[in-house]
Amino acid sequence: MAAVVFSLRRSGPVFRLPGVLQVCRGAQTAAAAAPASQAEARIKKFAIYRWDPDKPGDKPRMQTYEVDLNECGSMVLDALIKIKNEMDPTLTFRRSCREGICGSCAMNINGGNTLACTVRIDTNLSKVSKIYPLPHMYVVKDLVPDLSNFYAQYKSIEPYLKKKDESQEGKEQYLQSIEDRDKLDGLYECILCACCSTSCPSYWWNADKYLGPAVLMQAYRWMIDSRDDYTEERLAKLQDPFSLYRCHTIMNCTRTCPKGLNPGKAIAEIKKMMATYKERAASV
């Protein structure tokens, strides 16, 4: 009895005798690709910072792993996930979106603060890729930094719309012109990954007092929002010698930002606003 086999061609069903091997186009493609999987291994070494606070006496160290790039995705985060899934389940790091949106996988890779999900693996097999947690932060475990202080500073600037007349809150929209909305471009895109703040020497030295580039850029974002009524009050909170003025325009923040933003410029704009604010305050 003849069998009915559906072909990938548009000519409809094709009758074939039983026992005759049928090879679909996808199988042919897989067969053609087979030699590639047998290519010579490309072994890449990753030296990763390790420290486990739950192990008494454990000291920070670098642990080396070898990954075949032929069997790994192209990004550093792909390598970390492969290491954790297939070699060492104790390796700890943060990650979520895998597309440069959430900021979770911020770490120091080959000397620069960046996102592991958006940085390609250096394919030079003679070089060891070195991965550390964000610098000058307390470490929770391995590549996980403690961001408690960073988030507390962000909370302190009240990063939300504030209105002095709240009678219409929830009843109508707070409209904004196209021109005023355009002023927020390059500011609202910040994902709070902390790459910029942890690359700033001033923040290393005064993290308990200096707000740092990420938080200051968000402070500026709300200061210039035409819908916000608390610009003067926001400026007043930065009057002390440390919150704002520890910025020495080193510009590491702008160089390292994985989103291509310019926190240094935002801080400079706040300083300009502060000058006019002081003049207004003195005249009162």
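Glycine is no exception: its Cβ is also placed from the backbone N, Cα and C atoms.
Site annotation (Swiss-Prot, ligand [4Fe-4S] cluster) includes Cys190, Cys193, Cys196; from Cys117, Cys257, the additional listed residue is Cys257.
Annotated [3Fe-4S] cluster-binding residues in Swiss-Prot are Cys247, Cys253, and among Cys105, Cys200 the one listed with them is Cys200. Of all the binding-site residues given, namely Cys105, Cys196, the one with the smallest number of surrounding CB atoms inside 10 A is Cys105. Confidence annotation: the domain '4Fe-4S ferredoxin-type' (180-210) carries a mean pLDDT of 97 in the model. The domain '4Fe-4S ferredoxin-type' (180-210): residue composition by secondary structure is 12 helix, 0 strand, 19 coil, according to DSSP. On its own chain, Cys257 ([4Fe-4S] cluster binding site) has Cys195, Cys196, Pro263 as residues at least 6 apart in sequence with a Cβ closer than 8 Å to its own Cβ. For the binding-site residues shown (Cys102, Cys117, Cys190, Cys193), fewest C-beta neighbours within 10 angstroms: Cys102.
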